[in-house]
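Undergrad: Pasting a structure here, questions to come.
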Amino acid sequence: MADAKVETHEFTAEISQLMSLIINTVYSNKEIFLRELISNASDALDKIRYQALSDPSQLESEPELFIRIIPQKDQKVLEIRDSGIGMTKADLVNNLGTIAKSGTKSFMEALSAGADVSMIGQFGVGFYSLFLVADHVQVISKHNDDEQYVWESNAGGKFTVTLDETNERLGRGTMLRLFLKEDQLEYLEEKRIKEVVKKHSEFVAYPIQLVVTKEVEKEVPETEEEDKAAEEDDKKPKLEEVKDEEDEKKEKKTKTVKEEVTETEELNKTKPLWTRNPSDITQDEYNAFYKSISNDWEDPLAVKHFSVEGQLEFRAILFVPKRAPFDAFESKKKKNNIKLYVRRVFITDDAEELIPEWLSFIKGVVDSEDLPLNLSREMLQQNKILKVIRKNIVKKMIETFNEISEDQEQFNQFYTAFSKNIKLGIHEDAQNRQSLAKLLRFYSTKSSEEMTSLSDYVTRMPEHQKNIYYITGESIKAVEKSPFLDALKAKNFEVLFMVDPIDEYAMTQLKEFEDKKLVDITKDFELEESDEEKAAREKEIKEYEPLTKALKDILGDQVEKVVVSYKLVDAPAAIRTGQFGWSANMERIMKAQALRDTTMSSYMSSKKTFEISPSSPIIKELKKKVETDGAEDKTVKDLTTLLFDTALLTSGFTLDEPSNFAHRINRLIALGLNIDDDSEETAVEPEATTTASTDEPAGESAMEEVD
């Protein structure tokens, strides 16, 4: 090369600064340099393949399309060669040094702002990532339209370009020779190279070959003289057919020696599964592929392999696991388990925009033909293509869930693991809300052994039933004895049991299903009734008006109103909330939130309605007591407060002052045991309460009224 003319050029200030920044970085994940260089090689191969479509002669200079990695341990040099389009002298000068790419400055600004070095590909300057591991580089390149040239730099302010008269003829393509830093020699090791290629470039469309040196055993003659004699003997014509057993015995003696041989090993032999026809792929192949990308030891529950063609092209294989991850809804958990490839080049497995959070349990691969390769391979920013891919993924996964639902056993397994995700989807995804609602399953008053779907519920509705009714609570045991169920059971209306905390969030968004309104029976609502029932109710309202007024006066601000209820049967009273506030169950959930906003709690905890049942003996007797003794009577007040606290508990609320409630119950217990001494009463509850005085035996009269 000494005789060839050496041209020296200066880097633009920005590129010089960029190389200096990269070469001195303390960034630990330096392996991404290999991903970037393989990606560039793949791009170059794409270009020559595209040219060859219209002009096949372009491939004559090097018919084989490949990427080859050659570790030269003795020289501490890593070579990466491709048979792509190559670069002319002008390309080498302009593209690698004198014309600043638009992304150069942007990348440096991003780095200064704390961005990850691995984002380098996003800015179109991935080539310079080689300076993460090397401080000197040669780029040998041959384009079909030019001679072979060498571009060389040590990351200073200058680079040279020389006509190459000494290196191996490439035919066509580019070879990078990276002179590795002393602390980066691991990238000459076969194991490390294979590890990085498997992680980042396993599904590149072109063969990635690694030149490896292996030690093999070989049989050789015992002496040199015998070796030469054997060679001479080989040149003589042989009549093997007349060779007898005696001749075989006279064969020369050999010995076994070890010697090093160089072989080329293909690292990405397994062609991308998603590029194959689904009908040609066995379930075992899908299972093996799933395990390789998910680290799961179980087979997947279901797989969806599809391609989208037209204005947008992409292929995907998506898997539904059998189990939910243990950290499914932790805030710091990775929100996406789908590997994104662009034309078989791995981009990222952390593109949160690729899939909604409620589908974060889905694992798989998406390979796009349309996304640009120079997007970040770690942090893809949102763009229109990604939105379309996301929309298609959601659609296909809902299809898959519906297919799973056709097998009851499979669906039970799926629903146990991922029902929360479906409900989160209903809460967040307005477009697919109704489709997801078809997947919901609940126990109910008519289906206590097996969960029922909303669709099946609708088919069982009596003709005069207009709404879908549900009750929320902490557990099945808690809700199935609720006083709110009585009136609906009497009308033969089915009520769904919703006992998962996320159910209520989902229902606030779902609102209706198949044109039927979803109604929480713990809140205020209109129950279907006949004309006769309406007339009877209006009569009862007038009859019990003095009692409702008296109870409201006693309870004060604890309730918004007291009403005569036609929705209670056996229970004497219940507490209902307004339509737009929190239910008792939601209030319980929100109180359990450690970081809750207390201002929101006071706003959303709607005023309570105290409902009384005119058919209850207790309410009938209380009405008489009020009419006889008036609302100011101590016994009336005491019984009203006890009745209210009991209704709070049976309606799913918690008591603000449980000690007061316990005091009243203890007084009734004492009375039942004929303990009516003042000193004993004081021992049970030493501190007087605002609603019960210790200087008169109110408990006795209270007990009489209860009886």
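Every residue gets a Cβ built from N, Cα and C, even glycine.
Note that this is a predicted model, so its numbers are computed, not measured.
So Swiss-Prot lists these for the protein:
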type: BINDING; residues: N40, D82, K101, F127, R377; note: ATP binding site
type: REGION; residues: 216-257; note: region 'Disordered'
type: COMPBIAS; residues: 222-232; note: compositional bias 'Acidic residues'
type: REGION; residues: 676-707; note: region 'Disordered'
type: MOTIF; residues: 703-707; note: motif 'TPR repeat-binding'
Undergrad: Can you count the other CB atoms that lie within 10 A of the CB of D82 (ATP binding site)?
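TA: Summing over all protein chains shown, D82 (ATP binding site) has 29 other Cβ atoms within 10 Å.
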Undergrad: Quick check: in three-state DSSP terms, what is N40 (ATP binding site)?
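TA: In the DSSP reduction, N40 (ATP binding site) maps to helix.
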Undergrad: Find, for the listed binding-site residues N40, F127, the residue with the lowest Cβ contact count at a 10 Å cut-off, counting only other Cβ atoms.
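TA: Selected from the binding-site residues N40, F127 on minimum Cβ neighbours within 10 Å: F127.
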